[in-house]
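Taken from TrEMBL, the feature domain 'Fatty acid hydroxylase' covers 140-265. For 46-72, 93-110, 130-151, 206-223, the entry in TrEMBL reads transmembrane segment.
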Amino acid sequence: MDTVLHYADQFLFDSLYAKIWPSYTRTIAGHVVSAWPRDDFWRVNLSIYIITVVFGLLLYLVTSTLSYYYVFDHDYMKHPKFLKNQVRLEIECALSAIPWMTLFTTPFFTGEIFGKSLLYGGMPKTAYDWFYLVASVPSFLFFTDCGIYWFHRWMHHPKVYKYLHKLHHKWVVPTPFASYAFNPCDGFIQSLPYHMYVYMIPMHKFLYLGLFSFVTLWTVMIHDGNACEFISHSEIINTSAHHFIHHVYFNYNYGQYFTLWDRIGNSHRQPTDEQYEKALRDDHKVMARQAYDANNIEGKTLGDKLKSQ
């Protein structure tokens with residue numbers, strides 16, 4: 001993020017802040033500069049917030065729009081649990097959530113700028129450096145998948161669910177635009193493993209940015225309702241078919257990338273032909289049964305959990 005901030009300062013923020021808060025005692029090459037130096041704590045926070053909101057919104061809108069028009073199975077919109085004006089509602093929810101979620105996560109990025117994380121730069125020089133760079137990818141995915149599983153499952157606890165996670169389950173039959181349509185606190189909590197990782201384990205800063213972008217893409221993909229045929233039948237990878245089951249049947253498939261933690265936590269449910277075969281997926285009787293189950297399972301599960309305590 002420090003490299004991104006450097007170029008943002010050079011091409012935008014230096015001149016912007018000079019106009020907003022000019023220094024009347026300093027100039028560079030005859031140009032007025034800002035009274036806010038680049039390394040000022042509050043300037044860094046504001047700049048990082050603006051960068052993250054802008055790129056977050058752009059990445060969400062571009063990837064979700066492409067997925068919606070070219071991947072998403074539009075026949076899902078005939079499902080009885082698909083809401084009136086749902087796409088517009090999902091977009092409105094996401095656009096309002098992202099700025100707030102960014103506000104909560106900005107301190108992590110600011111800490112990275114000021115060297116508090118374990119991010120590092122430079123080209124790998126030795127075979128070990130290259131090995132570590134490559135090994136960082138599965139390490140990051142494994143760590144974050146574990147963290148998200150347990151945070152996600154915790155947010156299904158009856159005493160927490162209605163305050164944090166219920167909004168996201170409003171979209172029983174989600175579109176790609178539902179990927180970030182949630183309570184900002186929900187999004188922040190589920191993003192914690194991504195931020196925690198680089199404060200606990202060294203990682204190359206450019207790889208971190210790349211994987212952060214991948215996370216956004218993956219989150220959109222598992223809400224597209226039409227998993228890539230190559231991986232859709234996987235028992236290892238958590239696809240959009242798995243995540244559709246989570247939205248409809250509530251108690252299963254809390255993981256992000258893999259099914260490992262769902263298997264360990266006894267919450268794995270493998271998709272069936274109802275998710276894999278388009279003819280069955282779009283069958284009105286199948287949809288009606290799913291709607292009936294969705295209407296009953298969530299309330300019954302939460303009620304049973306409260307009674308058992």
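Indices start at 1 and increase along the chain as displayed.
Placed from the backbone N, Cα and C atoms, the Cβ positions cover glycine too.
Unlike curated entries, TrEMBL annotations are predicted automatically.
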Between the stretches 46-72, 93-110, 206-223, which one has more Cβ pairs under 8 Å with the transmembrane segment (130-151) than any other? 206-223
Long-range environment of the transmembrane segment (46-72) - Cβ separation under 8 angstroms, sequence gap at least 6: 1, 4-5, 8-9, 13, 87, 94-95, 98-99, 102-103, 105-106, 109-110, 113, 175-177, 179-180, 213, 216-217, 220-221, 223-226
Can you count helix, strand and coil residues in the domain 'Fatty acid hydroxylase' (140-265) using DSSP? 83 helix, 4 strand, 39 coil
Quick one: average pLDDT across the domain 'Fatty acid hydroxylase' (140-265), no decimals. 92
